Amino acid sequence: MESAATSWVRGRRLGIGAHAVVHLAVDNSTGHVFAVKSVGLTSSPLASLLSLENEIQILKSLRSPYVVSYLGDDTVGGRRDLHLEFMPSGTAADAAMGDELRVRAYARCVAHALRYLHDVAGVVHCDVKGRNVLLHEGGGGPVAKLADFGVAVRLAAASGGWVRGGTPLWMAPEVARGERPTPAADVWSLGCTVIEMATGGASPWPDLAGEDAVGAMLRIGYGEGTPELPAQLSEVGRDFIAKCLNRDARERWTAEQLLSHPFLAKQSTETEPSPRGVLEWTNNDDDDAIKEFESIAHNHEEEGGEIIAGARERLRELASGGGDLSWWPAGWELVRGAEAEEGEEENRQQRCSVSCCRCNGLH
């Protein structure tokens, strides 16, 4: 375990994926809000545990403002947890893109992430798609960060074993055929993701939507076509996608080349997307959400007065950043690390309103 919160509160579920569940959480020592991605040690398939461990090992080695930040990992209450930066504005798949400038801004962020992964970190993401692009809308401009590295692979391990992963309708033809992914495969998926964003969340292959995974991969891998270019995009936008969707992986542009494409050039009307943490943004307060939190905090004030106060202030910061705080409900679960439990056995027996767990970190 590396720099994970030793005592934290698990909140409402934010989402569920193929391998893990994501909850909101608050660090009791600092009041910082983060996301925690969890897999049950005994209740989940081995593939889910391996996916999370792979993500932990890869994410902890990455340092990019365009990749969601690793904050630590632990094992608590029979669950393996990954602590992640919280992005409050959902995913690119959830956001209906109303204009091309926003699509350009998000695509630019993802291209920066891919250039870093491919040219610096030596990593292929293997599952670039809208649901793995996390968003924040703030005063400094729209920001997107790449997330979910459960099926990512390292280029240095090219000679090792590989289990095909990813999402079929975003998968490059060569990967659909069973070939090991290269950086070019991520570029194909970026092209599919731009289509997804430009069309408000539509599949890049709408004609394959009714196919099962095997049928879709067969048609993508061995067919001759490519996804249709969105009519609502400008000519330069369609050209950008075409550079990503060359069926010959050797002819696709690299992430470095794509960053020089006119589609990703900043427009005079755009503000620079800032790669800062989401807690640095400021906007209007969400008073209702703060009041809801304070009513919950009142019930637990004696269990951690300064802790709750710190979390309250952190939520005020999040609210002032324009994030949606409607996720803050009652029924939060207190998760305590070993250090936090010392000398508290008697008090723990009296705390029937929360669930306390011992934290045994895995390294």
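Including glycine, each Cβ sits where the backbone N, Cα and C put it.
Some features that TrEMBL has for this protein:
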DOMAIN    8-264  domain 'Protein kinase'
BINDING   LYS37  ATP binding site
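Close to LYS37 (ATP binding site) in the fold, though at least 6 residues off in sequence, lie ALA20, VAL21, VAL22, LEU52, GLU55, ASP81, LEU82, LEU84, each with a CB less than 8 Å from its CB. DSSP assigns LYS37 (ATP binding site) to a strand segment in the three-state reduction.
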